[in-house]
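Asker: My questions will all concern the structure given below.
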Amino acid sequence: MPLLDVRDLSVVFQRDNKPFTAVDGVSFTVEPGQAVGLVGESGCGKSVTSLAIMGLLPRRGNKVTGEVLFDDTDLLKLRPQELRDRRGRDIGMIFQDPLSSLNPVIPLGLQVAEVLERHQGKKRQEALREARKLLDAVGIPDPTRRLKEFPHQLSGGMRQRALIAIALACKPRLLIADEPTTALDVTIQAQILTLLKELVEGSGTALIMITHDLGVVAGLCDTVNVLYAGKVVERAARHDLFGAPRHPYTHGLLQSVPRLDVERGGRLHQIRGSVNDNIPWSEGCAFAPRCDRVIDACIGETVPLEPAFRGGALRCTNPVPQEVPA
Amino acid sequence: MSQLAEHKRRRIDELTARTAEGGGVSLFRDAGRRLLRNPTAIVGATIILLFLVIAIFAPLVAPHDPVQRFPELTKDLTVDNIPGPTAGHPFGSDPLGRDFMSRMIYGARQTMFVGVLATLIGLLFGVLFGAVAGAAGGWIDVVIMRFTDVMLALPSLLLAITLVALARQSTQWTVIVAVAIVNVPIFARLLRGSMLAQRESDHVLAARALGVKRRDIVTRHMLPNSLTAVIVQATLTFAVAILDAAALSFLGLGDPDINRAEWGLMLGVDGVRYFEVRPELAYFPALAIILVALGFTLLGEGMREALDPKNRR
């Protein structure tokens, strides 16, 4: 049984008094201990998906439909109080900007202790002792001193480590990481990813990794969901996705990443147009206007998400032909 | 070797010492440190401190009882002749033969008391309403904000006059309450604005993602981060409150007790009435009011600079 089962999740905003579908019937599952990637460019609905799972979207002006089954409980149907009890305890979350995600006027120790006091009923002193251990576990040097420091006194990498410590403080079964490395420079990115990988593997925590960076996914995720304009366009195991991408969008994304093992000198591939050059999903494939492999069948009616090999899925009428990798 | 190297080494030692010190430097402690290096704030704080000392130790500082009428002053006292400085009375007499200097000194007490209390009461209720409006949102926010709109639509002094007029008998407390009420909407609006910004901030979203209770989100995450603007406004409000209270006294809407020494009253009644006979009766209280107001304004200005996150190290 999957730990998290997202079924037909849709989020509709009111934008300029017109409904705008940010997430359009997204379904995916996360098994216990599994690392799942949600990949896509800005505006494809990946962050909104995570906020909808956590119940953190403002209730006014947003319509969230579908089911988010966590342990067979539909999170979307829980009362706010019940949902608050689960957030931070069962599901942790890490955000993109580590500085602005920490409270600037509270010492670090108290910020870690707060979540322990909240969910485990620990007293302040006990929580602070635990906080020290947590900071130590995420590799923050001299944790005793750091407990009393404020976020602006830490480096970017340390801040993100602190956020990870807070998110994992109550040993949640699911961790949602929303672009956790985007605000960090490359060397720190690598450290943070290694740390996440170790912690996730060590504790059996399941992970949803939300990113636009295919490199992050390649190093970390078991299964990858590629999102385009609010819909999943391809789902595959990591190895299959990188070895044999079927959807032209995925293929295009991978082609546009510079690679070490390809001869230099040639132009990098690029995908035509921008995210705004869409047609509505109801009138065909949203990616069609930018697609190199567009055919007549792409336009007219919604392209369904169909099962592909090895538990994957694909939403394309004219997929990239690939030999199945061994 | 050279002096330069020596100098550099010392500088490096200094820097490493500071880093090793580590520990928590909170926003407010950090701001306090910067405040002490800010000349504007220092000048403001010195002025206020001076007047505060005079106010607190008025009985020790003042040469005489402020309400006592002295025979040596009343002797020649007429409407056209108010005795000037003498050996025992450096500022001379007031129109009733009382020691003017002592009255000025006790006036510091009265005037600052009114200004500080009016500001604090206004701050308290302003923060309360602003926090509720900003945290609750929805119709509660709309009701509170429309109410402050109505209050802000009226000129503050006019509103204060109306409030004092509502109380049948004017005392010192009516003045304090009236000035406080006038300032409530200013604080409320200011705090609500920063609370709204905080509500959308990343760290509040992060706190919500951790399941932190709504009450704790407001008190631990939103409020402490919203208070800076209000603190600065409070120091500026001290100045305005003193001026407003003085204006009310000047208009004869303060405490009618003739023994009370308050700068606004002294300026408004004696100062105006006897301006041609003894202009000091108007100059001194006016100067004192301006100085204290200036002191608070300078301190507020300095605090704004010190608390500005852009100036943090």
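Glycine is no exception: its Cβ is also placed from the backbone N, Cα and C atoms.
For reference, TrEMBL lists these features for the protein:
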type     : residues  : note
DOMAIN   : B:108-300 : domain 'ABC transmembrane type-1'
TRANSMEM : B:41-62   : transmembrane segment
TRANSMEM : B:112-140 : transmembrane segment
TRANSMEM : B:147-167 : transmembrane segment
TRANSMEM : B:173-191 : transmembrane segment
TRANSMEM : B:230-253 : transmembrane segment
TRANSMEM : B:282-303 : transmembrane segment
Asker: Could you tell me what the rest of the chain brings near the transmembrane segment (B:147-167), counting residues at least six beyond its ends with Cβ under 8 Å?
Answerer: 129, 174-175, 177-179, 181-186, 188-189, 240, 244, 247-248, 251, 253
Asker: Taking B:41-62, B:173-191, B:230-253 as candidates, which has the most Cβ pairs under 8 Å with the transmembrane segment (B:282-303)?
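Answerer: The stretch with the most contacts is B:41-62.
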Asker: So if I exclude everything within five residues of the ends of the transmembrane segment (B:41-62), which remaining residues of that chain have a CB under 8 angstroms from its CBs? That is, six or more out.
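Answerer: Long-range Cβ neighbours of the transmembrane segment (B:41-62): 35, 99, 101-102, 105-106, 108-109, 112-113, 288, 291-292, 294-303, 305-306.
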